[in-house]
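Lifted from TrEMBL, the feature list:
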| type | residues | note |
| --- | --- | --- |
| DOMAIN | C:113-406 | domain 'NADH:quinone oxidoreductase/Mrp antiporter transmembrane' |
| TRANSMEM | C:25-43 | transmembrane segment |
| TRANSMEM | C:63-80 | transmembrane segment |
| TRANSMEM | C:92-109 | transmembrane segment |
| TRANSMEM | C:115-134 | transmembrane segment |
| TRANSMEM | C:146-167 | transmembrane segment |
| TRANSMEM | C:187-212 | transmembrane segment |
| TRANSMEM | C:224-248 | transmembrane segment |
| TRANSMEM | C:254-276 | transmembrane segment |
| TRANSMEM | C:306-331 | transmembrane segment |
| TRANSMEM | C:357-380 | transmembrane segment |
| TRANSMEM | C:392-412 | transmembrane segment |
| TRANSMEM | C:433-455 | transmembrane segment |
């Protein structure tokens with residue numbers, strides 16, 4: 001099966017794999033920093049999306065360097081699941097906004113030991 | 001000869017820098033050259049219109065948000081049809097039935113939404 | 001594989017049953033649907049095989065875990081009373097989401113491919129985010145849902161990054177063959193292994209990735225707290241075991257010490273944190289962190305025995321947790337303060353005098369969680385200690401034994417309160433179904449405490 005796949009086009013090979021890995025890692029770290037630092041629920045959600053997209057980029061890069069479609073199929077699943085996750089997340093945020101009229105998570109401190 | 005080396009894309013970079021430079025230049029030059037007149041009247045939205053009321057950023061109806069979210073959900077599911085479409089011939093009837101099952105599940109969800117009255121724009 | 005199909009279809013049916021005139025039908029129908037799924041699970045008994053292009057692996061071990069998961073779900077849903085109470089707006093949807101979430105849990109215990117692991121974790125987690133926020137008007141529930149969602153999605157991102165790195169190093173998502181450090185790709189493999197472990201440990205609430213646990217357990221409706229602390233934990237540990245014992249078995253030297261440190265941290269944070277808690281649900285949350293530590297202990301030892309120990313531990317933990325949360329649900333309904341059910345420890349004051357049955361159930365559950373002999377919990381701890389002993393890490397075991405001693409202190413707090421003379425409650429009514437479930441869980445705990453081998457010798 002794998003022998004029938006077309007070889008990697010030269011265009012892709014001109015940029016080394018490490019560049020993609022580096023870019024994806026940087027995006028991923030920006031996403032992590034966003035989640036940890038920002039206190040606005042929507043922006044945290046966006047940062048999580050950034051993390052997932054960094055992973056997608058990484059998977060696509062590996063996939064094309066290995067001429068193996070599995071990685072790209074995984075990207076489809078990640079995109080679909082991320083959409084479902086964001087839908088639930090936004091619904092939770094709307095629910096909170098209706099109750100407290102704000103989406104700043106530092107206002108949420110009712111649960112303490 | 002057409003090649004795709006990174007240095008072959010340098011004209012794009014030059015054009016990008018030119019565009020950026022033009023924008024920055026224009027912004028600065030208008031600030032420097034333009035006359036500055038400030039008064040109560042001038043800051044008003046319009047001299048003889050009705051009084052401005054509230055904020056420009058009015059909250060949208062939650063109904064709109066619901067529909068947007070549902071659109072995204074159904075929209076994204078379409079990506080699973082791309083690999084199927086590419087391999088349509090080789091997958092044959094088996095792939096077709098699999099895709100029918102997938103769409104049937106999606107449609108069951110859609111029917112649930114309709115029954116639930118989420119798409120009912122006029123309600124409440 | 002059949003329960004996946006069965007639960008997906010019956011989940012949809014349950015959603016549409018919500019539109020029917022007779023709302024009372026949803027509850028018995030959902031229980032019937034879960035029983036159907038349980039029956040279909042055994043179609044594959046003694047017929048091991050691969051399904052969906054080698055994506056899922058079914059064998060008797062995974063069928064036992066399916067049965068554990070589905071039976072736990074049935075026992076917990078028995079306490080729902082059809083979600084007829086004021087805080088639940090959409091009964092049919094909760095039952096449907098429970099069925100869908102079981103699909104995820106089933107995928108997590110029988111995956112053969114990391115794509116299926118990811119899908120399973122996400123199906124279970126997204127369902128849990130929704131159920132945590134089921135009580136829409138309760139600000140604590142909202143807060144818990146948001147925290148759980150943000151932390152869970154963050155963990156998913158980390159897990160995925162690990163999977164991508166693993167793919168980069170090995171070129172496959174299959175977990176069949178072991179991988180070994182060596183060559184250019186070892187760096188990717190290290191990152192992949194570490195990040196995947198972090199992502200999965202988040203889901204099973206092992207320290208130091210436990211920060212969401214107390215808040216989420218406290219804020220969620222009690223029935224879903226019970227669901228979360230049993231089903232998510234069982235499925236999560238099986239998934240963790242599968243990844244560590246197959247793909248990463250060659251990297252054991254690398255993750256071994258990491259797991260040992262995590263065990264120590266989980267036991268310390270869980271047990272010491274629980275001591276000062278006044279809310280019963282927070283106490284159970286910290287207890288759940290410490291039990292995650294005990295279950296991780298099994299992973300340190302020999303892989304031949306570990307799965308059996310994890311299975312036994314998760315069964316006794318599930319039985320005791322369902323009893324404890326069940327008693328909380330039944331009793332807390334009687335005392336409503338500020339529009340919320342009262343869930344502090346002193347709710348149980350004088351329970352023994354008031355209702356001897358409930359007090360007995362609570363006491364046996366607490367003894368089992370503390371690991372006192374003649375309850376299932378004792379043997380659960382015994383088996384994981386024995387597994388860990390084969391690894392030679394004695395400092396971890398000494399630590400674990402010390403921490404079980406601390407655990408006795410805080411598990412006895414509700415027990416002693418229930419023995420006290422003064423009671424603050426009117427007489428408590430238990431519906432027959434709840435009584436039946438209490439009988440099953442308590443009986444199971446004691447039977448497993450006296451004859452552990454009937455379950456342990458399964459595999």
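The first residue you see is number 1, and the count goes up from there.
Each residue, glycine too, has its Cβ placed from N, Cα and C.
Since this is a predicted model, take the numbers as computed values, not measurements.
Counting only same-chain residues 6+ beyond the ends of the transmembrane segment (C:224-248), those with a CB under 8 A from a CB of the stretch are 65, 68-69, 72-73, 76, 79, 98, 101-102, 104-106, 108-109, 111, 117, 120-121, 124-125, 128, 131-132, 134, 166, 175-179, 193, 196-197, 200-201, 203-205, 216-217, 255, 281, 284-285, 288, 291-292, 295, 299, 303, 306-307, 310, 314, 317-318, 321-322, 325-326, 329. Outside the transmembrane segment (C:306-331) by six or more residues, the chain places 61, 64-65, 68, 72, 75-76, 79, 222-223, 225-226, 229-230, 233-234, 237-238, 241, 245, 280-281, 284, 288, 291, 294-295, 298-299, 343, 347-348, 351, 358, 361-362, 364-366, 368-369, 375-377, 379-381, 383-384, 386-387, 425, 428, 430, 434, 437-438, 441-442, 444-445, 448, 452, 455-456, 458-459 with a CB less than 8 A from a CB of the stretch. Highest Cβ pair count under 8 Å relative to the transmembrane segment (C:92-109), across stretches C:63-80, C:146-167, C:433-455: C:63-80. Just going by CB pairs under 8 A, the stretch in C:63-80, C:254-276, C:357-380 that sits most against the transmembrane segment (C:433-455) is C:357-380. Between the transmembrane segment (C:392-412) and the transmembrane segment (C:254-276), the number of CB pairs under 8 angstroms, six or more residues apart, is three or more, so the stretches are in contact. Sequence-distant neighbours of the transmembrane segment (C:254-276) (same chain, 6+ residues past either end, Cβ-Cβ under 8 Å): 181, 190, 193-194, 197, 201, 206-208, 210, 214, 244, 248, 282-283, 286-294, 296-297, 299-300, 391, 393, 396, 399-400, 403-404, 406-407, 409-410.
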